[in-house]
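Everything below concerns the one structure shown next.
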Amino acid sequence: MRVGVLTGGGDGPGLNAVIRAVTKSLIRHCSAQVVGIEDGFAGLQEGRVRQLDWRAVSGLIHLGGTVLGTSNRRNPLMEGEAGAQRVLESAQALGLDAVVAIGGDGTMAIAQALAARGLAVVGVPKTIDNDIVGCERSFGFDTAVAVATEALERLQTTGQAHGRVMILETMGRDAGWIALEAGIAGAADVILLPEIAYDVQAVAAVCRERESRQRFTVICVAEGAHARDAGVVVQEVLPGRDEPVRLGGVAHVLAAQLQPLLDSEVRATVLGHVQRGGAPTAFDRVLATRYGNEVANLVWRGEFGRMVTLQGGELTSVALQAVAAGRRCIPAEHPLLRCAREIGVSLGEPA
Ligand code: F6P
């Protein structure tokens, strides 16, 4: 059996751990020949592969990024039916019996479209935002939360020293999971999420109240958050990308909104890709390894057109077509929202 492994879309801590686990599992299971496909589906279309043997994947578990490279600037489906057919022809020419695609919802949508055309493909969910439908925990999220939590702690000491309002912008374009968990772990006073449009006056009221007592305030804002009365999200449409990209900016927008309402100085920090790079946490290494091992089992059992996932803490799989659409946002009744409110964290809602 010959299996190709690719990573698509944005990177995230733990991709290499998945590559390592799927390769080792397939070699042990059935002495499979495993090849790494370079730069996602673009590389598959162009037939760019290299062999992955035991040695090639040893020592990868802690490495950030992806040794295979990724491409989110070239979706073969944007070239229409001809693009999809070129991928299928290339997979056949490479002698691949199966393809393992590790990536976010965009990658899963491509995988699903190719599965519908006959490609034997299985998926592993990846997003630091933790917002893939059908997956309660993606690897990389824990690492992003840890990085953002540390940043909040650092902002707290400098904010306290100067009596300032410190704003941290985390990633989270459509879903605010990173901001919510890091905000709680990093003791933010205010957490602003894409799911709850914030009220500037309410945020200012928290800062003013703290000006008179603690002198400083820490605000954790997800990049997709926006004010109730203004469309302030900064988006760019980049060539070749099928969805708009947020270039980072809500922290600065919020700083400009708050400064005239406060005595304290306001400072904004955009954490950006620091959350995506570097070594995965131990939790993410374990989760990525479990996903890699389980997806190898899907290949071994011939269960194609599916994505491995975690539900109720157990590994299972879902049909790719169930994954491809939508985002898993924070539900209005989520217990962490209630918990935040009950311990006195403001979610930017009017009093
Ligand atoms: O989708 C994951 C994510 O981390 C988003 O939160 C963020 O908007 C995006 O990636 C950034 O992607 P890029 O690296 O393409 O700018």
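Cβ atoms are placed via backbone N, Cα and C, with glycine included.
For 2-298, the entry in TrEMBL reads domain 'Phosphofructokinase'.
Taken from TrEMBL, the feature ATP binding site applies to Gly10, Arg73, Arg74, Gly104, Asp105, Gly106, Thr107. Summarising the environment of Gly10 (ATP binding site), the number of other Cβ atoms within 10 Å of its Cβ, over all protein chains shown, is 20.
Around Asp105 (ATP binding site), taking its Cβ as the centre, 25 other Cβ atoms fall within 10 Å, counting all chains. Reduced to three states, the DSSP call for Asp105 (ATP binding site) is helix. Residues or ranges marked as Mg(2+) binding site by TrEMBL: Asp105.
Sequence annotations record features per position, and here TrEMBL assigns site 'Important for substrate specificity' to Gly106.
If you take the C-beta of Met171 (substrate binding site) and look for same-chain residues 6 or more apart in sequence within under 8 angstroms, you find Ile128, Asp129, Ala144, Ile178, Ala222, Glu223, Leu271, Gly272, Gln275, Arg276. The substrate binding site annotation in TrEMBL covers Thr127, Ile128, Asp129, Arg164, Met171, Gly172, Arg173, Glu223, Arg267, His273, Val274, Gln275, Arg276.
Residues or ranges marked as active site, proton acceptor in TrEMBL: Asp129.
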To what whole number does the mean pLDDT across the domain 'Phosphofructokinase' (2-298) round? 93
Candidates Gly10, Arg74, Thr107 (binding-site residues) - the one closest to Val274 (substrate binding site) by CA: Gly10
Listed in sequence order, the binding-site residues from Arg74, Asp105, Gly106, Thr107, Arg267 whose CB sits under 6 Å from ligand 1 are none
Please state whether DSSP places Arg267 (substrate binding site) in a helix, a strand or coil. strand
Of the binding-site residues Thr127, Arg173, Arg267, which one sits closest to Asp105 (ATP binding site) when you measure Cα to Cα? Thr127
Validating a neighbour-count step here. Other CB atoms within 10 A of the CB of Gly106 (ATP binding site): how many? 21
Taking the Cα of Thr127 (substrate binding site) as the centre, which of the binding-site residues listed as Arg74, Gly104, Thr107 lie within 10 Å of it? Gly104
